[in-house]
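Q: Grabbed the feature section from TrEMBL, which reads as follows:
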DOMAIN    21-294  domain 'Sugar phosphate transporter'
TRANSMEM  6-28  transmembrane segment
TRANSMEM  75-93  transmembrane segment
TRANSMEM  132-149  transmembrane segment
TRANSMEM  155-173  transmembrane segment
TRANSMEM  223-243  transmembrane segment
TRANSMEM  280-297  transmembrane segment
Amino acid sequence: MGELTGYQLGVIGALFLSVASSVSIVICNKALMSNLGFPFATTLTSWHLVVTYCTLHVAHRLNFFENKRIDMKTVILFGILNGVSIGFLNLSLGFNSIGFYQMTKLAIIPFTVLLETLFLKKQFSQKIKLSLFVLLLGVGIASVTDLQLNFVGTILSLLAIATTCVGQILTNTIQKRLNVSSTQLLYQSAPFQAAILFVSGPLVDQYLTKQNVFAFKYSPLVLGFILLSCVIAVSVNFSTFLVIGKTSPVTYQVLGHLKTCLVLGFGYTLLHDPFTERNIIGILVAILGMGLYSYFCTHENKKKQMIDLSQGSQIKDKDSNTPLLGNQDKENHFEVKKATKDSLV
């Protein structure tokens, strides 16, 4: 029971860290890009990953965690896939309206459910699906404003959805099947994610912003915010792998929409962004969906644990009874044999 409580505390800590760090980095990056005019999102992400890897390398040297070797081909493909998914998400934002981009992010949950059902044979109850529908409806009401479609933007959005879903499913699957921790997986994959974005980032950003990241005038204030963003990103990247590993890709996406609601609220409170009744209604509906999802997940997990304990106790009883019967038969056989032997003598 104590072990279970410790695991639950670990999950709660991971969720809290993910929410706190993600909301912090959104506010930091919004100030950096909107107020200070630094628009190079993809390049900034590559710097995030470089700093993340360097931080983990120092932690490894100081023996904070033990490195575990993973098949190099798996790590390279996984790292490139995650780097490409970030690039596609940024391109999707560049080629589509804000509303369509939000729809793209909303579509990640149903696509993840579909992929896990088809390929991993994972079952989602009707109650879970209902709660996810309520959540997505609320976030859609709160954040989706305009929907402007174009062919290139739609293709990029589909690629962003596919690569993000597969990347997050693999984040969970690799940790469980290869028995590696979130830190070990992030440590080995971060260099490949950083490399793909370090090369493609300046090109993607120049195409989207018509500006050169190397020609940008870096003031001390801009450098300070970039450094702060990179430091927060270490926590964001670590908590992302931690949450997906401890829970599931769908739960991580649900958590992501909680962050969206919090960002809207903080944007109104701290940055005085416009806030309408539609935003308020959408956030309340989304919170209802998150509450239902959490309740149904907890209820189903408890039910599953009770079934597992019941099956375990039945197996234990069966195992404990079998030797007794076996010994009894053995003793009876010995007595018969002895009697026979005695009679022969």
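Any Cβ shown, glycine's included, is placed from N, Cα and C.
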Q: Checking distant contacts: for the transmembrane segment (155-173), what same-chain residues at least six beyond its ends satisfy Cβ-Cβ under 8 A?
A: 78, 81-82, 84-85, 88-89, 91-92, 95-96, 100-101, 103-104, 107-108, 111-112, 115-116, 120, 185, 240-241, 244-245, 248-249, 252-253
Q: Return the stretch with the most CB pairs under 8 A relative to the transmembrane segment (6-28), choosing among 75-93, 132-149, 223-243, 280-297.
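A: The stretch with the most contacts is 223-243.
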Q: Given the model, what does the mean pLDDT over the domain 'Sugar phosphate transporter' (21-294) come out as?
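A: Across the residues of the domain 'Sugar phosphate transporter' (21-294) the model's pLDDT averages 92 on the 0 to 100 scale.
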